[in-house]
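What TrEMBL records for 41-288 is domain 'Histone deacetylase'. The substrate binding site annotation in TrEMBL covers D82, G132, Y278. Look at TrEMBL and you will find H124 tagged as active site, proton acceptor. The annotation divalent metal cation binding site is assigned in TrEMBL to D159, H161, D247.
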Amino acid sequence: KREERGFCYYYDSDVGNYYYGQGHPMKPHQIHMTHNLLLNYANAAVMTKYHSDDYIKFLHSICPDNMSEYSKQMQRFNVGEDCPVFDGLFEFCQLSTGGSVASAVKLNKQQTDIAVNWAGGLHHAKKSEASGFCYINDIILAILELLKYHQRVLYFDIDIHHGHGVEEAFYTTDQVMTVSFHKYGEYFPGTGDLLDIGAGKGKYYAVNYPPHDGIDDDSYEAIFKPVMFKVMEMFQPSAVVLQCGSDSLSGDRLGCFNLTIKGHSFNLPMLMLGGGGYTIHNVAQCWT
């Protein structure tokens, strides 16, 4: 039997700085781009730190060409309508998740004060179920990474849709406090009642505030600031994660809180992630 000798990978960051000239097919910069993809790809082992093995295996295996072979699993894992099967599905999950986990690692190593992954923030995905356009919950995986170095992590969600996937994962722990401002009632996912406050050791560590429709910036700020101040004062987190869903901004076709970008401007979060937002102009403005 051949002896295993491991794997060796060489990369010099300067290699991408060279340029063969306009129109030349050889482009050293592509090596730099490939290296970044390698660093930020999340493998199945990373994903199964929260998600079930069979769910990850399913996502890795399914594609548009073999969907008919997975009809039962598609129903079981809630894949097919809001969460369709498309070419490159698993690679998309790898990139989204890898960026968030890599950002958390950077924060843990104190290599940055604020890390941003706009491709992340997919807060609806559950342990063995896709939900609300989300397949892998990169937020949960990033928080689990942060908990390796931080005793308490605050998760704050400003998406108009309640982040039930994240709340569910940490509902019984006092190490993570989840705070969500969202639309509640006959609106997806239908969770996040004001009285949902956590359970067991996590009781009072889930905070849900569903503002009224049509709330403006001044009213939102009048609620947001005291809630955030009190949470920071009482919980005293050492790491903060913000899900920046931009669908609570004016003009978004899936949101009706009539907020403008000004109302979401603050400098507290350390790990900033994307999320909902279905009007391109608003998303670009908010995330810029």
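Cβ coordinates are placed from backbone N, Cα and C, and glycine is handled just like the others.
All annotation found in TrEMBL is predicted automatically rather than curated by experts.
Since the structure is predicted, the reported quantities are computational estimates derived from the model, not experimental observations.
Compared over the binding-site residues D82, D159, the count of CB atoms lying within 10 A of a residue's CB peaks at D159. Annotated pair D82 (substrate binding site) and H124 (active site, proton acceptor), C-alpha to C-alpha distance, rounded: 12 Å. Across the fold, the C-alpha of D159 (divalent metal cation binding site) and the C-alpha of G132 (substrate binding site) stand 12 Å from each other. Note: the Cα of the residue listed as 'active site, proton acceptor' and the Cα of H161 (divalent metal cation binding site) are spaced 9 Å from each other. Separation of the C-alpha atoms of H161 (divalent metal cation binding site) and G132 (substrate binding site): 9 Å, rounded to the nearest whole number. Taken as a whole, the domain 'Histone deacetylase' (41-288) shows an average pLDDT of 83 in this prediction.
Each of the recorded positions H124, G132, H161 was scored by other CB atoms within 10 A of its CB, and the lowest score goes to G132. According to DSSP, G132 (substrate binding site) is assigned to coil rather than to any helix or strand.
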